[in-house]
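> Quick one: this structure, given as structure tokens, is what I'll be asking you about.
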Amino acid sequence: MFVNRWLFSTNHKDIGTLYLLFGAWAGMVGTALSLLIRAELGQPGTLLGDDQIYNVVVTAHAFVMIFFMVMPIMIGGFGNWLVPLMIGAPDMAFPRMNNMSFWLLPPSFLLLLASSMVEAGAGTGWTVYPPLAGNLAHAGASVDLTIFSLHLAGVSSILGAINFITTIINMKPPAMSQYQTPLFVWSVLITAVLLLLALPVLAAGITMLLTDRNLNTTFFDPAGGGDPILYQHLFWFFGHPEVYILILPGFGMISHIVTYYSGKKEPFGYMGMVWAMMSIGFLGFIVWAHHMFTVGMDVDTRAYFTSATMIIAIPTGVKVFSWLATLHGGNIKWSPAMLWALGFIFLFTVGGLTGIVLANSSLDIVLHDTYYVVAHFHYVLSMGAVFAIMGGFVHWFPLFSGYTLNQTWAKIHFTIMFVGVNMTFFPQHFLGLSGMPRRYSDYPDAYTTWNTISSMGSFISLTAVMLMVFMIWEAFASKREVSTVELTTSNLEWLHGCPPPYHTFEEPVYVNLK
């Protein structure tokens, strides 16, 4: 029974739960790695060992957080749980493929962990640039294991993307147009399209790297007519859409949370929100070289990538102001989920502004590979994606479990986390402006103060993580069941009660559309 339910599952709710548990576990691993980084940088001098081991930790931290925490939780966890419920589908379009998508992830994670334990580990950074990732600078199996790990995670995501696209387009009630589906469903659809287009390019790039390392090809080796810059183009053509893949489902969740706790029946500017997400998805594919301003591109190329990157700020601004307009005049309920959503809007905007700074190719020459970049992307990830995940979790936890979290603890948890992440990453802007480079395990004494403060902030965030584990335990131990749910047209996932029955929408849904 246990094996049939949890290993051979074809139920979108159970698979969503598996994704959430896996992502939570990976999140703990990623947090542990990040604390190793901040412990090393807490004061000048060496703590862990040489720079190779430090870079292995940095690389693993990035891969774990991106491929095994944010994507499984947002797309696999919330996506699987909510999309079928929101469109009235009995399950996903391909339930067994759904199960395979999940079970490809633990072996992938295993390969990544193995890569850090054989030879010297993969100390390449998550970008895995050759020649550093070649078989000279990284002899041994480490980088090959990392590449195989990425292959598995990529296949998992591609299959998941096919599944979500088919489900969302094909399994709605016949009377329901695509423009009547909730914004979270839209965000997952657009994310899935991005995955489907971006991941094959990454697969091509890392497969060429694999053959360069093992079969004497020279795709990225100038000695044989190759070019390492080709790898950078291939990687970032995936890498930039990837960062939008990480944030778009968060946009969808924030739209639902803000609408719900503002007492509104619909978000402000629904069509504007949809088109903004589609614009972001499209523009995300034509700005990749802004990661490469320092490799010596033509001035006209740099001008194009600078302006194209800045244009992404427009649809993003549409979303931010639509969230604010949704709040406007609402009967705002200061629930923990709403606090996460408001924190998201503020901090994501701050991260977006530093992104506009970095979009300037001339400024980026100075700021590239400094802590300014680290601060920028941790504001949009550690305070964008993670805040959206936390907000979505405390909002939908009663739906998933049938129990309610302690609201006071949840607000305290938000406060600790808010202080922790800001204390960690705000000082890094100053470090970057003073020229402290990324990916070094040591630094001149002049940078000590801000690094010490940053490392203290990371340990505050750690207490927040531990408090969250306690909150979840407390909710299951206290068993406060959900009594009533306020239903509107925009939150139909609550229709079947908390938690919903194992099978929902077993017969086709009748939709009466105005």
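Every residue gets a Cβ built from N, Cα and C, even glycine.
Taken from Swiss-Prot, the feature topological domain 'Mitochondrial matrix' covers 1-11, 87-94, 171-182, 262-269, 328-335, 401-406, 479-514, and the record attributes it to similarity to another entry. Taken from Swiss-Prot, the feature transmembrane segment applies to 12-40, 51-86, 95-117, 141-170, 183-212, 228-261, 270-286, 299-327, 336-357, 371-400, 407-433, 447-478. The annotation Cu cation binding site is assigned in Swiss-Prot to His240, His290, His291. Residues or ranges marked as Mg(2+) binding site by Swiss-Prot: His368, Asp369. The feature heme a3 binding site is assigned by Swiss-Prot to His376, with similarity to another entry given as support.
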> How many Å lie between the Cα of His376 (heme a3 binding site) and the Cα of Asp369 (Mg(2+) binding site)?
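Spelling it out, the Cα of His376 (heme a3 binding site) and the Cα of Asp369 (Mg(2+) binding site) are 12 Å apart.
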> Answer yes if the transmembrane segment (51-86) and the transmembrane segment (141-170) have at least three CB pairs under 8 Å among residue pairs 6 or more apart in sequence, and no otherwise.
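Counting Cβ pairs under 8 Å, at least 3, so yes.
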> Given a Cβ distance threshold of under 8 angstroms, which distant residues of the chain, six or more beyond its ends, lie next to the topological domain 'Mitochondrial matrix' (401-406)?
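The answer is 336, 394, 471-472, 474-476, 478-482, 498-499.
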> Between the Cα atoms of His290 (Cu cation binding site) and His368 (Mg(2+) binding site), find the distance and write it as a whole number of Å.
10
> Take the C-beta pairs under 8 A between the transmembrane segment (270-286) and each of 12-40, 141-170, 183-212, 228-261. Which stretch has the highest count?
183-212
> In which DSSP state, out of helix, strand and coil, do we find His376 (heme a3 binding site)?
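In the DSSP reduction, His376 (heme a3 binding site) maps to helix.
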> Please average pLDDT over the topological domain 'Mitochondrial matrix' (479-514) for the predicted structure.
86
> If I take the alpha carbons of Asp369 (Mg(2+) binding site) and His240 (Cu cation binding site), what is the distance between them in whole Å?
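Just about 16 Å between their Cα atoms.
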> Write out how many residues of the topological domain 'Mitochondrial matrix' (262-269) are helix, how many strand and how many coil, based on DSSP.
0 helix, 0 strand, 8 coil
> Decide whether the stretches the transmembrane segment (447-478) and the transmembrane segment (12-40) have at least 3 CB pairs under 8 angstroms, with pairs required to be 6 or more apart in sequence.
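As far as Cβ distances go (cut-off 8 Å, pairs 6 or more apart), the transmembrane segment (447-478) and the transmembrane segment (12-40) touch.
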> For His368 (Mg(2+) binding site), what is the tally of other C-beta atoms lying within 10 angstroms of its C-beta?
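That number is 20.
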> As a test of the contact definition, list every same-chain residue at least 6 positions from His240 (Cu cation binding site) whose Cβ is closer than 8 Å to its Cβ.
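Result: Gly284, Phe285, Val287, Trp288, His290, His291.
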> Using DSSP reduced to three states, classify Asp369 (Mg(2+) binding site) as helix, strand or coil.
coil
> Same chain, outside the topological domain 'Mitochondrial matrix' (1-11) by at least 6, Cβ under 8 Å from its Cβ: which residues?
18, 91, 95-96, 98-99, 103, 502-503
> Can you tell which of His291, His376 has the least company, meaning the fewest other C-beta atoms within 10 angstroms of its C-beta, among these binding-site residues?
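Lowest Cβ count within 10 Å among the binding-site residues (His291, His376) is His291.
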> Residues sitting near the topological domain 'Mitochondrial matrix' (328-335): Cβ under 8 Å, six or more positions beyond its termini, same chain?
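Distant contacts of the topological domain 'Mitochondrial matrix' (328-335): 261-264, 268, 394-395, 407.
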